[in-house]
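Asks: So that we are looking at the same thing, I have put the structure below in structure tokens.
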Amino acid sequence: MGGGRKRRRRDGSDAPSMHPRNRYAAAAPDFAALAELYPSFRPFVSVSDRGRASVDFTDFSATRELTRVLLLHDHGVNWLVSLANPPPLITLPSALAMNPSMIPCAEFAAGYDRSLHLAHGIHETDNIAMLDHCLNTILILATVRWIPDGQLCPTVPNRSNYIHWIEDLLSSDLIPPISSSSERVKGFDIGTGANCIYPLLGASLLGWTFVGSDVTNVALEWAKKNVESNPHLAELIEIRNANAPSSESEYVVREAAREKILESAEDVAMPKAHILVGIVKESESFDFCMCNPPFFESIEEAGLNPKTSCGGTAEEMVCPGGELAFVTQIIEDSVSLKNSFRWFTSMIGRKANLKLLISKVREVGASVVKTTEFVQGQTARWGLAWSFVAPRPRKMVLSHSAPAKNHHSFMLQGLRREHGAFQVLKSTEAFFLASNLSCKTDSLSFSVDVTLSDEQIEAAILHGDDYAGSLEDSTAKLQSVVKGISFRITVFEQIPGTLLIKGSLLNNKALSGTFSSLFSQLEDALRMECLTKYNACGPVAVANVIVSKTVSCTKYDIFVLFVDAM
């Protein structure tokens, strides 16, 4: 559950860890301490002979109670238990801990800590009579709420990872805001579920506002109840029925787009309805959308993991075509709503699907694509984000202190698996794209060609250190160097987790100072992305810090190659 210990892979490299701002990254929840503070959680905690407390994650009631306790204890979010299905044994302090607003109508002895055996089969009403068999005292307690049995019960650390990653995207300055207003961040949660956990976490952690959508009556009803149970957050969260088109005109657009998607769909079965088109209103704009999609194609497939029990109905976990079809539909909808969202995001359960979905996002013309890996215990999930907003144009900084050399190299060691050769290729491309340079990537040859404009090379020659002497002398040499200037960067994987990066100026050695400066900046960007212990921003965000001035009009062949370990 927790993330306090740093895991290592067999190859010696570090495994991905929780997001550094996740409150469970440094230490796992203390089950023993929580059991002392919340007696309702106590029956689900086992203590070994060595004194180590643990929870049976195959027990749905245990995982649900743990989620409720963590939300309340660490985030101030009330996720209240329904007495229609109470724990088999409950104490008065435990009942009061479930809902601090419950007031016993009868007096009870000081230090009362006797068990209240709750009769089975009682139903939720405005008030529930509970018989104290020990003292024969009737206690009238206010109704307590929780998500009903069978509904998905998400884990708090995993959901927190997703929230913090979106926070990183919004703060990266990679793309401009969709408006210049200073209003609160506004998100759209696709399939918020009865638990409504993303809006509740986002609102409590960061003060964000949310629209949470869903399609089932039970999810909509209980999501509203959970929002209402948190008056301090209620004004920040709207629950919206995704089955009700927001307007007749949007419904027409929705159906027209649906027909187009069905015509183009080949191997992927599509969901029955649109996910965003028709649910997002014409006048609305959002900073992001997020989604925990139905991962599976059948309910039988959904039940194959015996190690955990987080619940989940067919509507929450199953979709024709699984997550690949569902997220594909979001991608198709994003084309129609490209001006309504700054970022589109989704969690992905299978890495193979992530690669396919990245290709689909690029096919529809997204300007920026980002990925990450979420870690919670032994479970790995991936995040996919894309945007149609044009990246902020940047200009490269020429550092005059860089030594003028024709060959450079540096080593990256202790890399995690997400920083392989392909990621270095994409990071290199993103670094130059952030500077408004033209890039053409060939994934088959692991190469990216970067071309600068004539104006940029002219500025570098006239204002850089590659030429000494007067302005007239530099201008006179301009025509002799503006064409055919290139350098090559090659990345060799020496052993797992170690890359050797070499750069060589191929011609026009008169511009060795410019080449040295650019290579040095690329090294800084890759080191910050790949080697910073808790990296919260990618190479483009690094480039945003480094980049501010113009460089030369040059063409670079940048190759990223795999080399077998010796």
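Glycine is treated like the rest: Cβ placed from N, Cα and C.
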Asks: To which of D74, D214, D333 does TrEMBL also attribute binding of S-adenosyl-L-methionine at the site defined by R159, G191, N292?
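Replies: Site partner of R159, G191, N292 for S-adenosyl-L-methionine, according to TrEMBL: D214.
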Asks: Let's check the environment of R159 (S-adenosyl-L-methionine binding site): how many other CB atoms sit within 10 Å of its CB?
Replies: 24
Asks: Relative to the Cβ position of D214 (S-adenosyl-L-methionine binding site), how many further Cβ atoms are located within 10 Å?
Replies: 25
Asks: Would you mind pulling the DSSP three-state label for N292 (S-adenosyl-L-methionine binding site)?
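Replies: DSSP assigns N292 (S-adenosyl-L-methionine binding site) to coil.
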